[in-house]
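Student: Structure incoming, see below.
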Amino acid sequence: MAAAGLCFILAIVSSTSLLASVPVSALVEDLDDSFKENRKDDIWLVDFYAPWCGHCKKLEPVWNEVGIEIRTSGSPIRVGKIDATVYSSIASEFGVRGFPTIKALKGDMAYNYRGPRTKEDIVEFANRVAGPLIRPLPSQQMFDHVKKRHPVLFVYVGVESTLKEKFIEVASELIVYTYFFSASEDVLPKYVTLNEVPAVLVFKDSTYFVYDEYEDGDLSSWVNKERFEGYLHIDGFTLYELGDTGKLVAVAVIDEKNNSIEHTRIKSIAQDVAKNNRNNFHRDFQFGHMDGNDYINSLLMDELSIPTFVVLNTSNQQYFLPSKHIENPEEMIQFINSILDGTAEAQGGDGILQRIKRVFYDAKSTVVSVFKSSPLLGCFLFGLPLGVISIMCYGICTADTEDGSEEMTRKDVIDQNASDEGSDEEEEKGREITDVSDEDQQEKDFMEKKID
């Protein structure tokens, strides 16, 4: 027995050593034009990148780790990367519009990855998409095991039906976000009661909810809204995904490192309202908290002091702020009700003035971030163009002044010449008049003598 265990350990060590000796390029394949024809035979996880893209370079070591993780797990998924600037026709075929773009390709389906760019999240996404759309739960033990691993669980209960066809259709659309399962009624926990079968359930927040077509509307919309827990730790990626739900996002903005009563109180109040007022607010609001105000400030183009509470409308960029600090759940409920009845004043928006403000705010933020990260680079990037523009303006102004002075000098010369010519003419006329006067005088004197 000990010998068998030793052999097993040696086998693992040898296989790990062998894998470690394999270059990363063998685990992450560089793709070319042939990929277009050969891809349908396998499941692919592909990174579409551009050589000049900074985010692509940052993703590269993570992508290599993804290749190693998937290969060591024995997954059938093949990991590759393709230069979208060289093979632009392939990038266009898959609708690549930005870099990096991560896609899972399975048959004729292409799934976009929009989550955090970490090894764990990318691998989890790839394995979810590569597996079956609907995963069966044959026993209660399997159900309990899966429920512990997934905070949100969608389960179809029943035999073949129109509802199951819709469930499969929704799964093919939303498998990029969550898992979908099927089970018989006897596999479910004892506390679950169903009025009718077939049914679709979601297990989350230590309870379950049953889909009601009459109250909840379209199954796809219901799944899209229910795929989040009732209270979340919200970051930029989560907030982006919450935009698809159509809900307002109620966020307690705090500093998680600050254990003062002000920070812990606003978070606990938000949790309390989310849990105890689900029936009133769940359809319209998603509750959560955000660590730090940097992201929220850039989103709102404002400087929020923390701790605070803000409600975001991601569809039109509007937001709502309470008129005073919230001290208890009753005040938070009152504030949320004022949003529902339209008495709360909305700020922000996506109008023309706000778009212009966004342009200037983004420009300011870019300049500040560059100077903070590298003052010398900032001086070079912004000082050099300003210097060139200043020299050009000075040259233009100086040229105008010199031209004006030269023009005035020419005018003065012309005026002086004209004045001199006028004086000469007057002097000549004077001489002529004098000559004429002398002749007249002589003639007059002659006539007087003749008379005498």
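Glycine too: its Cβ is placed from the backbone N, Cα and C atoms.
Quantities reported herein were computed from a predicted structural model and do not represent experimental measurements.
What Swiss-Prot records for this protein is below:
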type: ACT_SITE; residues: C53; note: active site, nucleophile
type: ACT_SITE; residues: C56; note: active site, nucleophile
type: COMPBIAS; residues: 443-452; note: compositional bias 'Basic and acidic residues'
type: DOMAIN; residues: 27-128; note: domain 'Thioredoxin'
type: CARBOHYD; residues: N258; note: N-linked glycosylation site
type: CARBOHYD; residues: N313; note: N-linked glycosylation site
type: REGION; residues: 405-452; note: region 'Disordered'
type: MOTIF; residues: 449-452; note: motif 'Di-lysine motif'
type: SIGNAL; residues: 1-26; note: signal peptide
type: TOPO_DOM; residues: 397-452; note: topological domain 'Cytoplasmic'
type: TRANSMEM; residues: 376-396; note: transmembrane segment
Student: In terms of DSSP three-state secondary structure, what is the assignment for N313 (N-linked glycosylation site)?
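Tutor: Once the DSSP labels are grouped into three classes, N313 (N-linked glycosylation site) ends up as strand.
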Student: Among the active-site residues C53, C56, whose Cβ has the fewest other Cβ atoms within 10 Å?
Tutor: C53
Student: Would you count the other CB atoms within 10 A of the CB of N313 (N-linked glycosylation site), including those on all shown protein chains?
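Tutor: The Cβ of N313 (N-linked glycosylation site) has 19 Cβ neighbours within 10 Å.
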Student: Report, in whole Å, the straight Cα-to-Cα distance of N313 (N-linked glycosylation site) from C56 (active site, nucleophile).
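Tutor: Taking the Cα atoms only, C56 (active site, nucleophile) lies 31 Å from N313 (N-linked glycosylation site).
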Student: Check the DSSP secondary structure of C56 (active site, nucleophile), expressed as helix, strand or coil.
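Tutor: Its secondary structure by DSSP: helix.
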Student: Reported in the order helix, strand, coil, what are the DSSP residue counts of the domain 'Thioredoxin' (27-128)?
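Tutor: Its residues fall into 43 helix, 27 strand, 32 coil.
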Student: Determine, from DSSP, whether N258 (N-linked glycosylation site) sits in helix, strand or coil.
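Tutor: SS state of N258 (N-linked glycosylation site) = coil.
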Student: What's the CA to CA span in angstrom from N313 (N-linked glycosylation site) over to C53 (active site, nucleophile)?
Tutor: 31
Student: With every protein chain in view, what's the tally of Cβ atoms within 10 Å of the Cβ of N258 (N-linked glycosylation site), excluding that atom itself?
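Tutor: There are 11 of them.
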